[in-house]
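Worksheet: the structure to be examined is printed underneath.
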Amino acid sequence: MNDTFLKACRGEKTDYTPIWIMRQAGRYLPEYQKVRGKVTFLELCKTPELCVEVTLQPIDILNVDAAILFSDILIPLEAMGAPLEFHEGHGPVFPEPIRNQADLDKLIVPDPEEHTGFVMDTIGLLRKELNVPLIGFSGAPFTCATYLIEGGSSKVFWETKKMMYTNPELFHNMMRKITDTTTLYLKAQAKAGAQALQIFDSWAGVLAPCDFKTFALPYVQEIIRDLQDTGLPIIYFANNGATLLEMSESSGANVLGLDWRINIGDAIKRIGNVAVQGNLDPFSLLLPKVELKKRIGRILDDAKDAKGHIFNLGHGIHQFTPPDQAKSAVEFVHELSQK
Ligand code: 1CP
């Protein structure tokens, strides 16, 4: 069993810097496309045998040090009772967005085993196959709320901020329900066998620091506090969160994910008590290999004083990335960080 990733999460010494890649199972891999060609995205998410297959693909192809469950942050939101559709080429759509208390009252706090048993089954099957640790995950409540309120992806978050500013009570009621759902969902993943948990706050960076503090952070803190009895390392990734680092550290997470917009050494000076994960610009994978290797060396060097460092991209790998470049990045991290 390769436990380098788990050691780095806990801030223990490792023989080399472990690496995994956000969205490592996905469309940039022809092997994924082949499986995905036969089913819709939601069918894929709900078929444990296929989820296992695509979760394992990057482990074999790239030689990464951790696996991440194949699923999506929107799966537990559908389980709350919000119909979810994926339109090819357009991403997720919630055709019945949540805009008032009556909409919200229709949503439930689902029992994770009953409504998302396929996720727990996938985790159980994966643990029998894997020789690297398995990361379970969820969205952070704020990021989840944006999809439910906007009715899908957004760039400006008009409806979300409108609710926050004009009806904060409704917004908090909604965060309450999503938080309760997320806590139960992550606890169920831990029980099923996940060995670390990552909370994706993909849209945290659109908030003013004072709003992050009022409307988003307390719910993340609560989830992490309630997960303490699982004993699992928790990774909190607030994308575009360089201005939110100190507050993110107060989330209680063991590891903070960093996007590429901040120098990793500068970040470590500000958040010395936690391990860090990141932070190569996903588009750096397009650099000629010699340049890519230099950049990776620079990040490893800048992160040398970290309490623990897990190498990763600063956000998900782009769908048009040549897999061979991702494979080289993994090799370079392993080679350059060898103690
Ligand atoms: O057509 C397809 O095959 C669907 C593409 C795809 C894939 C492969 C989507 C649609 N989701 C996923 C898998 C996925 N999503 C994983 C597991 C794979 C892995 O990491 O190896 C994970 C962890 C996620 C998490 C996720 N989904 C996030 C948080 C991470 C991030 O990138 O910020 C978010 C925001 C989503 C929502 C989502 N899922 C898919 C789309 C197109 C979107 C919308 C993104 C947006 O609003 O811009």
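The first residue you see is number 1, and the count goes up from there.
Even glycines carry a Cβ here, placed using N, Cα and C.
Any TrEMBL annotation is an automated prediction that lacks curation.
Quick look at what TrEMBL lists:
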- 18-27: domain 'Uroporphyrinogen decarboxylase (URO-D)' (DOMAIN)
- ARG23, GLN24, ALA25, GLY26, ARG27, ASP72, TYR147, SER202, HIS315: substrate binding site (BINDING)
- ASP72: site 'Transition state stabilizer' (SITE)
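Overlay of TrEMBL feature records on the structure.
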residue : record                             : contacts (Cβ under 8 Å, 6+ apart)
ARG23   : substrate binding site             : GLY316, ILE317
ALA25   : substrate binding site             : TYR32, VAL54, THR55, GLN57, PRO58, ILE68, PHE70
ARG27   : substrate binding site             : GLN33, ARG36, GLN319
ASP72   : site 'Transition state stabilizer' : PHE41, CYS45, PRO92
TYR147  : substrate binding site             : LEU74, LEU77, PRO92, PHE94, GLY139, SER153
HIS315  : substrate binding site             : MET22, ASN239, ASP259, TRP260, PRO282
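Checking the recorded positions ARG23, ALA25, ASP72, TYR147 against ligand 1, the ones whose Cβ sits under 6 Å from it are ARG23, ALA25, ASP72. For the recorded site, ARG23 (substrate binding site), the DSSP three-state label reads coil. The average pLDDT computed over the domain 'Uroporphyrinogen decarboxylase (URO-D)' (18-27) stands at 97. Reduced to three states, the DSSP call for TYR147 (substrate binding site) is helix.
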